[in-house]
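Accompanying notes for the structure given below.
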Amino acid sequence: MSHIQTKMKAPEVNGVEAQYDAADSNDEESDHLLKNSSSLSNTVVEEIPCDRFQAVYLVFFVLGVCSVLPWNMFITANLYFDYKFHNVSGNGTGRTSLETSFESYFSVAAMVPNLIFQMINLAVQHRISLQIRVMVPLIGMLILFVLTTTLAKVDTDEWQIWFFAVCMCSVILINVCGAVYQGSVFGLAGILPRRYMQAIMSGQGMGGILPSLLSIVSIAATSDPEESGFIYFLCSVVCILITITAFLVLPKIKYAAHYLNKHAEMTKVKKSRELESTESFEKVKHHQKPPFAEIFWKIKVPAVMVLVVFAVTLGLFPGTLSSVKAVNTNNKKWAHEYFSPVACFLVFNTMDFTGRSLAVIEWPKPNHMPVISILVLLRFAFFPLFAFCNLQNDNAPSRVFFSNDAYFIVFNVLFGLTNGYLGSLLMIYGPKFVDVKWSETAGVMMSLFLGTGLAIGSVISVLFLKIV
């Protein structure tokens, strides 16, 4: 079954409202139609294949999962790293400096290269094909996680410092690869209709849920931290292999090939407008430098707002939220072992995934960006709300305004839901504010602002915990 689309030569349409007249219709292909033509000349009929069995949607969902799952597996394996960095001298009591600070080192080693290489990816994406920008990072992450998985079974007690150095190098390289990969797949999604950006965002939500569930299962199933770490990292290896397979299959699906070839045609500077039928994403690259300033100006509102969304989120999660402890300690196993994995991580990630999935309804609409911006700014209210829960850290005075665990869980439900919904909505809308031929660049640019928000949020998290 195919869609029939009327294709017209028309002047470019400037302005958000005109561009989104078509987007409000039920036809998913309307994202890429130019309207308000003063002439109906040169009209041709174009046959668009359908996304059979939602195969392309599933591929983008998998691409989204892999963009966050490997790193989430890394930071969720805290029991494993506690064990690897435990005190091996004397009677083995007391925590080592590596044991207490490895998470902070990992965060810096992750955020700095991620942000730098997001910028580099944006600057060079028009010179390097999509296939290289996706496959090389995936292969790089695969090699790094095979190494990390192998080290889980190695006794590193006698060389903890060297093991820490290896881990730091792995974290840096994983996030270099992850930055290029994530920016590229967001750019790829920008080429297709809006629902495929939502597929990536939903996939990222699932990439947060899986490590949380695995963490809870491992607590219940095994007391061996090394075995737990081995399982975490092996899952990452399997995930990357599945993603590589899915990405290689993508251009062979007619629906995806239609948009990839169409995009390749529009970004070429040549006299002939004909495209070879064999062309796919290995040849999809711009043959002219994108107008970065013009693109930013058109997407500035969704770009800045997506930065704010994730800055607020990282400012509280996981640092502050994981420091909130159970008020009711009658059930000690729940209070001390399961409260944080369930009430903090699982609740947030589940609601984040729910919000990302609900973004398919696309409300408020793109021409209501002021409403979306207000909703984004209202999320700053979560800072005082969580601060008055049972937050316990070295600087916290003894004051708890919300003295029931239900308050924390409800706040976390809303926090995760709004993060997933608003973040996805902005990522979906951003690339559609520009001309179709620059939609990939806009997608990469939106990813850069998302990454910048994460970096700013990690700094806010440290400062907030020192203040409260």
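From the backbone N, Cα and C atoms, a Cβ is placed for every residue, glycine too.
Source: prediction; values computed, not measured.
Annotation comment: TrEMBL describes 55-81 (among others) as transmembrane segment. Remote same-chain residues near the transmembrane segment (55-81) are listed as 99, 102-103, 106, 110, 138, 141, 145, 148, 152, 167, 171, 174-175, 178, 181-182, 185, 188-189, 192, 195-196, 199-208, 210-212, 214-215, 218-219, 225-226, 228-229, 232-233, 235-236, 239-240, 242-243, 246-247, 249-250, 253, 255-256, 318, 345 (criterion: CB distance under 8 Å, separation of at least six residues from the stretch ends).
The transmembrane segment annotation in TrEMBL covers 105-124 (among others).
Positions annotated as transmembrane segment by TrEMBL: 136-154 (among others).
Residues or ranges marked as transmembrane segment in TrEMBL: 160-193 (among others).
For the transmembrane segment (205-223), the list of distant contacts is 61, 64-69, 72-73, 76, 79, 231-232, 235, 337-338, 341-342, 345-346, 348-350, 352-357, 420: same-chain residues at least six beyond its ends, Cβ to Cβ under 8 Å. Positions annotated as transmembrane segment by TrEMBL: 205-223 (among others).
For the transmembrane segment (229-250), the residues of the chain that approach it from at least six positions outside its boundaries are 56, 58-59, 62-63, 65-66, 69-70, 73-74, 76-77, 79-81, 83-84, 134-135, 138-139, 141-142, 145-146, 148-149, 152-153, 210-211, 214, 218, 256, 281, judged by C-beta separation under 8 angstroms. If you look up TrEMBL, you'll see 229-250 (among others) marked as transmembrane segment.
If you look up TrEMBL, you'll see 295-318 (among others) marked as transmembrane segment. Sequence-remote contacts of a segment are chain residues at least 6 beyond its ends whose Cβ falls under 8 Å from one of its Cβ atoms, and for the transmembrane segment (295-318) they are 75, 344-345, 348, 369, 372-373, 376-377, 379-380, 382-383, 386, 415, 419, 422-423, 426-427, 429-431, 433-434, 438, 441-442, 445-446, 449-450, 452-454, 456-458, 460-461, 464.
Per TrEMBL, the feature transmembrane segment maps to 371-388 (among others). Listed as Cβ neighbours of the transmembrane segment (371-388) (distance under 8 Å, sequence separation of 6 or more from its ends, same chain) are residues 301-302, 305, 308-309, 312-313, 315-316, 320-321, 324, 364, 399-402, 408, 411, 414-415, 418-419, 422, 425-426, 464, 468.
Marked as transmembrane segment by TrEMBL: 408-430 (among others).
Long-range Cβ contacts of the transmembrane segment (442-465) within its own chain (Cβ-Cβ under 8 Å, at least 6 residues beyond either end) map to 104, 107, 111-112, 114-115, 118-119, 121-122, 125, 179, 182-184, 186-191, 197, 292, 295-296, 298-299, 302-304, 306-316, 319-320, 323, 383, 393, 395, 423, 426-427, 430-431, 433-434. The transmembrane segment annotation in TrEMBL covers 442-465 (among others).
Across the candidate stretches 136-154, 160-193, 408-430, the maximum count of CB pairs under 8 A to the transmembrane segment (105-124) is reached by 160-193. Outside the transmembrane segment (408-430) by six or more residues, the chain places 186, 190, 194, 197-198, 200-202, 205, 299, 302-303, 305-306, 309-310, 312-313, 316-317, 321, 324, 343-344, 347-359, 362, 364, 366, 369, 372, 375-376, 379, 382, 385-386, 389-390, 402, 442-443, 445-446, 450 with a CB less than 8 A from a CB of the stretch.
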